[in-house]
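Below is one structure, written out as structure tokens; comments come after it.
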Amino acid sequence: MKAENQIEKTYAIRNYETDFRQEIRPSFMLGLFQEIAGDHSAEMGLGFRKLGEQGRFWVLSKIYIEVGRKPVGGERVRVRTWPHCPNKATYERSFAVYDERGERLIGAESRWCILEKGGRIVPCSRVEQPEIDFLPENCLGKVDWLIPRVERGAAPDFALTVANSEYDLNRHVNNIKYADYVFNCFTVRELEERKLAGFQLHYVKQAFEGDRLEFYRCETEPGVFAVEGVRNGEETVVLAQVRFA
């Protein structure tokens, strides 16, 4: 039996998912994508429960998001996602968010992999793949995944020590939390004066309870910022880019 090659769901943006302007927070954009991707993966026979029985789990490695308009609290949106044909070890997936008039508000491209509990990447050839007619088109077409390294300042722009509330079911910092950390590098005034055009995240290493995370930002061109998250003063755990219009 073939799996559906795409899935759509409608969500209402809740007030606690919004920021001080009552617009959806970037972390909850990731939350919507994570939820619908998980639902579709389960329908495809590659859901969390099925992989967990094999000692495996999904990990988001990269995501690139373009924002036309951020939906506001109480607004209903339609979220669509579709996967692409897997390569050697990477699964790519597109996302699109539409308002009730059918206008696309947000588009995204993402890259995922399946890990064993020990942290080793599982090649796609070792995973039973669903029978599916993959859609050829990407939501955003070809995107530039390159993020320049950050020149670290004397003091971080944001820092925290990881506690249990940052964790997900894989017992490390949930990937959506990093969006909050990255945008905490900007002041309320900076965010009030700018319009978000997009952002991307590259997940490099996992972070755990007790780790000290420090985030540094630098402006690489007008309105474009690179952000680096560093664990315990040594290892890079995440790279990000934030683009303002």
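Note that Cβ sites are derived from N, Cα and C of the backbone, with glycine treated the same way.
Per TrEMBL, domain 'Acyl-ACP thioesterase N-terminal hotdog' is recorded for 6-120. Under the heading domain 'Acyl-ACP thioesterase-like C-terminal', TrEMBL lists 160-215.
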For the domain 'Acyl-ACP thioesterase-like C-terminal' (160-215), mean pLDDT (0 to 100): 96
Within the domain 'Acyl-ACP thioesterase-like C-terminal' (160-215), residues counted as helix, strand or coil by DSSP: 16 helix, 16 strand, 24 coil
Residue counts (helix, strand, coil, in that order) that DSSP gives for the domain 'Acyl-ACP thioesterase N-terminal hotdog' (6-120): 27 helix, 51 strand, 37 coil
